[in-house]
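Report on the following structure.
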Amino acid sequence: MTTATTAATRPVPLSLDGRVSPGTTVRNVLTLAWRNLVQIKHNPMELIDLSIQPIMFVLLFAYVFGPAIGGTVQDYLPIVIPGIIAQNALFATMTTGFGLNVDVTKGVFDRLRSLPISRIAPLSGRMLADTVKQVWSMAVLLVIGFAIGFRVETGPLHLLAALALLLAFTALFAWASVYIGLAVSEPEKVQIFGFTIIFPITFLSSAFVPISPRAPEVLQFVMRNNPMTHLVEAVRGLLVGDQGGGPVAEHAAISLGWGVLMAAIFIPLSMRAFKRRI
Amino acid sequence: MTFAIEAEGLVKHFGETRALNGVDLTARTGSVLGVLGPNGAGKTTSVRVLATLIQPDEGQARVGGYDVVKDAHRVRQLIGLTGQYAGVDEMLTGTENLVLIGRLLGLRRAQARSRAAELLERFELTDARDRAAKTYSGGMRRRLDLAASLVGRPQILFLDEPTTGLDPRSRGGLWDIVRGLTDDGVTVLLTTQYLEEADQLADDIVVIDHGRVIARGTPDQLKTQAGGQMLEVRPVTAADHVTVARIVGELTGAQPEVRDGLVSAPLSDPAVMPAVVRRLDEAGVTVGELSLRKSSLDEVFFALTGHHAEEQQEAEDAQAESVKAGV
């Protein structure tokens, strides 16, 4: 043990800052986003999670379901690629709750909150990092889709609009994940919860197959009004044009409305869970 | 005399549980205050209030002269916290963990890196600096955690059970580190359930049980306060311990405790010793071991609370866990 430089050898400034400045807040958020991204370097599994899994989904759906559902793989790609992009985005929101739960259970959250940093930075930094991961996954899906024949039929602005819609929706939807992350006792439960909720939501929609008129009427009703259906139809319309799903703007607005509703429910719930947990 | 930490009448509820029930404590600037008590006694909750992580329902506290509720941001600029669960990011390397804290504290990248290198060197983690913290041993993690709490050169350091779960060697190493810190004038508040640890490190001790302070003083004062000395008798024939206990009980006026054939009882009047020897001799008991010594802190704890630290700890482990998990 060297005794060279130790704590409190430096005179402490007499006037301490009373609050965090906006500039510091931005810096704190960026630093904590960096922290959540640099982790990937040491945990290649996460990269596999972010890349291999979506690729596998695309290939399985396109080549196994595509020909079976009717038509060719090429006919199915405009249907399934937007569907998988939306589904993947929804699943990816669970990383927010998972990471938050790990931080809280491991004591990292306490350490961060004991520092003179912006109070919103720990969560905002994580959400920013998760947004970057979302963009990465969407890019991977578009590239693999392109490789097997999927084409954006509209234009770059429409593509950007689709990505913006997905990011906005997932940012709102992520509050459910935050709540789950704070409410359950261990990280694994976040995944179980997420899977059991998101899996049916994504499949009870028009993400992978059109809503069949031969399905039970109740099911048709649920599928038609599932926010996921609205999200997928909007993204699909923005990427490949009208596929008979209805007006894009309306679907986009309804899906965002659902997102706002989710956030309105889960932000207060999260705040309450946070106070109870911490 | 100035106090780096002053708390008055702290009360904190978690649902039905009254975790703090009016805790008063003070730590002199530059001293080590040991907060001693079993699990679930309110040690961690006290630290969390003082480190601005939670707000008390009642009472007030000042750390470094600033109110922990009204001036929380200023308090945070003065303190370092090492929690019960090592608060390091397991996915980051040792260096990255410390650079992260440095950057959050407003250091430039180069400054943060050199501060990290300096602390890693000091805590003998240089060889492991580029490995993810999840590969570290328990002792290494605690050292990294402690290093992280020192990045900002705090004046006041909270160590919440810093050695729980460590092997004796790592524990000794951590003790040396804490001693080194006080040499620099840092005020340390250390919670522990190990009486020996408080004895070793603390200048002053407060004993907490069921959310309130039940005793305070220097380690020596506490030992004297609770009966002063202990009489211990071990008969050669284990079966004789009943007779021994009866005789010791009669003469000391205390209820003797029998553990592994050793009969012990607190003793206030050393003059009883010869009488004990005489009575044992009359009763035909051959004594293998007979001693008079200063009470240990464990016995002090027993005298103060009526139960041993470890017993209650086990009983309350489950409860404390469920409170923590928020279930």
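Counting starts with 1 at the first residue shown.
The backbone N, Cα and C atoms fix where each Cβ goes, glycine too.
Keep in mind that this is a model prediction, so the values were computed, not measured.
Annotated domain 'ABC transmembrane type-2' per TrEMBL: A:45-277, in sequence order.
The annotation transmembrane segment is assigned in TrEMBL to A:55-73 (among others). Outside the transmembrane segment (A:55-73) by six or more residues, the chain places 80-81, 83-84, 87-88, 140-141, 144-145, 148-149, 208-209 with a CB less than 8 A from a CB of the stretch.
Sequence annotations record features per position, and here TrEMBL assigns transmembrane segment to A:79-102 (among others).
Through the fold, the transmembrane segment (A:135-152) approaches residues 50-51, 54-55, 58-59, 62, 73-74, 77-78, 81, 84-85, 88-89, 92, 158-159, 163, 166-167, 239-240 of its own chain, all at least 6 residues removed from its boundaries and within a Cβ separation under 8 Å. Per TrEMBL, transmembrane segment is recorded for A:135-152 (among others).
Under the heading transmembrane segment, TrEMBL lists A:158-180 (among others). The list of residues near the transmembrane segment (A:158-180) in space but at least 6 beyond its ends in sequence, with Cβ under 8 angstroms from a Cβ of it, reads 82, 85-86, 89-90, 92-98, 100, 123, 127, 130-131, 134-135, 138, 152, 190, 193-194, 197, 231, 234-235, 238-239, 252, 255-256, 259-260, 262-263, 266-267, 269-270, 273.
The transmembrane segment annotation in TrEMBL covers A:192-211 (among others).
The feature transmembrane segment is assigned by TrEMBL to A:252-274 (among others). Long-range contacts of the transmembrane segment (A:252-274) within the same chain, counting only residues at least 6 positions beyond its ends with a Cβ under 8 Å from a Cβ of the stretch, are 165, 168-169, 171-173, 175-176, 178-179, 182-183, 227, 230-231, 234, 238.
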Residues of the parent chain within Cβ reach of the transmembrane segment (A:192-211), under 8 Å, 6 or more residues beyond its termini: 61, 65, 69, 79-80, 82-84, 86-87, 90-91, 93-94, 97-98, 176-177, 180, 184, 219-220, 222-224, 226-229, 232-233, 245
